[in-house]
Amino acid sequence: MTQMEMARKGVVSDEMKKVAEYEGVDVEIVRQKLAEGRAVLPKNKLHRIERPMIVGEGFSVKVNANIGTSQGFSSLEEEKEKARVAIEYGADSLMVLSTWGDLREIRRAIVEMSPVPVGSVPIYDSAVRSYQMKKNVVDFSEKDFFDMVIAHAEDGIDFMTIHVGVTRRVLDRIKSSRRVLKIVSRGGAIIAGWMIKNNKENPFYEHFDELLDIAKDYDITLSLGDGMRPGAVVDASDAQQFEELFVMGELVERAREKGVQVMLEGPGHVPLNEVEMNVRLMKKIGKGAPIFLLGPLPTDRAMGYDHIACAIGGALAGYYGADFLCYVTPSEHISLPDVEDVREGVIASKIAAIVADVARGNKKAWELEKKMALARKNFDWETMFSLSLGKDVAKKKYEERPYPDKGCSMCGPFCAIKIAEEFS
């Protein structure tokens, strides 16, 4: 049985117990949300996960970190180090999005070492294999769509991005649209190119039941990818984006009927004033399914600092109901991220998630804020460092300019906390 099917039958799995303990909630709440499809617990039957996560309504906002190779940069050891650093700094899941080297070796290695759920985009493999065989990136068969999904499932992948909403109708609309950037989703572009070349419907959409059968066999959580997401704030919230969303909303019900866990992916470039509308619409059309957002970025002019823009958009999106934030690194739109980029990206998105949790009244988040306040009151630096996301940076800065008494070198003898303590 899938986690959803177990939940519907009143069965509480070990993973449900673990996430309930982590969230600080009764396991019955976990079971109920999973049964309703308002939360997902990504866990392939073949993958042993030490730190499972629950994503959805009523739970803490989660953060995903993308890693993976690219042409000219295909070191397995570097990707393993990226994974290690991402997890160390608080990533709740990883996605392996490699497009060069031995993709299966890399994927299996990350799944084997990862204590958290691992996701992927299977269609990349089809395109990469075609390119490496000196063919066009869309020169693969309809059968390849599903063969790659099975291969990823057999390798222990817990959740998969499937761009099922890129239909012929949606594609026709995008061709005549006034968008500046027509398609910016790599998976969406590959599928769109295949559809145009072969003059066929998207196999993932046309044969969605076959996809559901595979997902159910392995208990793969389907992340319905938004292949028509806007790639710039000037293109945000247009007809193409929402038409695809309506397709995805219809498929949520079909997945639930089959007992397959499902979530919706959302736009990555959204002006701040449209974030609330986008999140609420996704929740409504998706019948309360969890929402997985890339960012979102509320400006396109932050190159080199896109992780900061991402944190701003992500915090607001999380407050309005987004459940899962995909990080963005300082290298976004520029180059393949290195290990340091991964660290910076995870910290920025974790800040956004924490800000959202506090604003939403998450009990655990507020308890940690109280601990930090008390540590500051008591000048308990070690506790402050331990509660901080960037504890190594915080400690380094403190030690670089030390102060011999209570407080720090910012205020010295004029520390407000110390003065108030002395004269109160």
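Cβ from N, Cα, C; glycine included.
Quick caveat, the model's predicted, so the values are computed rather than measured.
The Cβ of TYR124 (substrate binding site) has 22 other Cβ atoms within 10 Å, all protein chains considered. DSSP assigns TYR124 (substrate binding site) to a helix. Residues or ranges marked as substrate binding site in Swiss-Prot: ASN66, MET95, TYR124, HIS163, SER185, ARG186, GLY187, ASP226, GLY227, MET228, ARG229, GLU265, PHE292.
Annotated Zn(2+) binding site per Swiss-Prot: HIS269, HIS333, in sequence order. The secondary structure of HIS269 (Zn(2+) binding site), as reduced to three states from DSSP, is extended strand. Just so you know, the Cβ of HIS269 (Zn(2+) binding site) picks up 23 other Cβ atoms within 10 Å once every protein chain is counted.
Following the DSSP three-state reduction, the secondary structure of CYS408 ([4Fe-4S] cluster binding site) is coil. Take the CB of CYS408 ([4Fe-4S] cluster binding site) and look out to 10 A: across all protein chains shown you find 15 other CB atoms. Under the heading [4Fe-4S] cluster binding site, Swiss-Prot lists CYS408, CYS411, CYS415.
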From HIS269, CYS408, CYS411: binding-site residues whose CA lies within 10 A of ARG229 (substrate binding site): HIS269
Environment of CYS408, CYS411, CYS415, the listed [4Fe-4S] cluster site - residues of the same chain whose CB lies within 8 A of the CB centroid: TYR403, LYS406, GLY407, SER409, MET410, GLY412, PHE414, ALA416, ILE417, LYS418
Cβ-based isolation winner (fewest other Cβ atoms within 10 Å) among the binding-site residues ARG229, HIS333: HIS333
Cβ neighbours of GLY227 (substrate binding site) where a neighbour is any other Cβ within 10 Å: 31
Between HIS269 (Zn(2+) binding site) and TYR124 (substrate binding site): CA-CA distance (Å): 22
Rounded Cα separation (Å) that holds between SER185 (substrate binding site) and HIS333 (Zn(2+) binding site): 12
